[in-house]
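Below: one structure, written as structure tokens.
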Amino acid sequence: MNVIKLTDLDVSGKRVFIRADLNVPQDEAGNITEDTRIRASLPSIKYCLEKGAAVMVTSHLGRPTEGELNHEDSLMPVAVRLGQMLHTSVRLITDWVDGGFEVKPGEVVLLENCRVNKGEKKNNDELAQKMAKLCDIYVNDAFGTAHRAEATTHGIAKYAPVACAGMLMGAEIDALSKALHEPKRPLVAIVGGSKVSSKLTILKSLASKVDQLIVGGGIANTFLLADGKRIGHSLAEPDLVKEAHTIMDIMKERGAEVPLPTDVVVADEVSALARANKISVDDVHANDRILDVGPKTAAKFAEIIANAGTIVWNGPVGVFELPQFAGGTKMMASAIAHSEAFSIAGGGDTLAAIAKFHIADDVGYISTGGGAFLEFLEGKTLPAIAILEERAA
């Protein structure tokens with residue numbers, strides 16, 4: 001993969017536009033609850049500041065309506081947190097597309113939520129050209145959005161005088177290549193979470209590559225349905241049962257497996273006060289909701305992880321935010337932390353689980369990408385990386 005790297009360039013005195021991924025979770029009061037993505041963007045920003053560049057950073061946050069900036073869509077909390085990390089004040093610039101603001105060499109500003117700009121998501125050419133005029137060097141450091149061709153991830157890279165990969169983007173690509181192109185076997189993928197339909201096609205692709213495919217959350221429930229099990233009121237997608245069957249068949253033909261839960265933790269509601277019951281997967285009642293894997297299943301998953309050569313982790317296996325449904329994810333996280341295998345983990349919920357169980361130092365590489373992380377594993381062309389390759393040619 002041939003791209004220009006930020007560290008290959010002389011950025012001193014240059015106007016540098018960095019597209020970062022600062023899409024961090026916030027609570028209802030607007031407080032940032034987990035800041036891994038901001039921390040991950042620091043190396044490129046610091047590198048440019050230390051070299052005396054005039055630095056502009058932008059990101060998306062949430063899913064705003066284009067053309068409307070609402071309070072909850074503002075990057076203001078991110079500007080404050082970024083300033084604390086850099087020990088400097090970071091100005092937040094609104095209505096920035098047409099310029100009209102000044103950035104001094106050695107200064108960094110944050111450009112307000114790029115998804116508020118009309119034409120961002122549709123990769124509008126006119127918008128991309130305007131943004132390209134703001135800089136001498138465009139840096140894509142947002143691996144998390146590399147699978148989307150948008151104006152700040154793709155369009156601007158066509159028109160900026162120079163387009164390169166930031167330090168995070170470069171590290172992401174190197175780590176993912178190591179996990180995918182030459183993985184040490186057995187290769188184990190853990191795919192969990194509630195976004196069933198968005199991950200099933202990716203599961204299909206992983207089915208032809210991995211030795212074991214551990215599924216969790218809403219995804220596992222769909223597989224349990226496919227296996228003829230009753231899942232009560234659990235989150236699942238019955239219309240995708242056929243797809244789940246196909247995945248299990250692909251794995252079986254290769255001598256690989258999808259180890260399904262044999263015991264589960266159920267409750268009649270998802271709440272902090274819910275009473276958790278550990279039962280066999282054959283004893284799920286009509287009103288039960290499966291909210292975690294049971295201890296026997298967790299131990300089985302831990303054993304698979306202990307014997308792995310490479311581990312790819314995206315998504316928890318239960319509602320780990322609530323302590324009574326966190327056991328499965330906790331045991332799995334611990335197994336990954338203690339494993340000798342090269343492990344790569346990614347996705348918002350996964351990052352939160354890693355933080356909760358304090359295993360960040362024991363994971364081989366933590367990816368900041370969710371969908372991009374999985375699509376790269378699938379071998380899809382990521383538009384944001386493809387355009388950087390094109391510009392380097």
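Glycine is no exception: its Cβ is also placed from the backbone N, Cα and C atoms.
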(request) Given that Swiss-Prot annotates E321, G347, G348, D349, T350 as binding ATP, state which candidate in K199, K204, K209, K229 belongs to that site as well. (result) K199
(request) Can you match one of R37, R39 to the substrate site that Swiss-Prot gives for D21, L22, N23, H60, L61, G62, R63, R115, R148? (result) R37
(message) On a C-alpha basis, identify the one among K199, E321, G347, G348, T350 that is nearest to N23 (substrate binding site); the candidates are the binding-site residues.
(response) G348
(request) Quick one: among the binding-site residues D21, E321, D349, which has the most Cβ atoms sitting within 10 Å of its own Cβ? (result) D21
(request) Specify the nearest of the binding-site residues E321, G348, D349 to D21 (substrate binding site), where nearness means the distance between Cα atoms. (result) G348
(request) Could you work out which of the binding-site residues (G347, G348) has its C-beta surrounded by the smallest number of other C-beta atoms within 10 A? (result) G348
(message) Rank aside, I only need the closest one: which of the binding-site residues H60, G62, R115 has its C-alpha nearest to that of G348 (ATP binding site)?
(response) G62
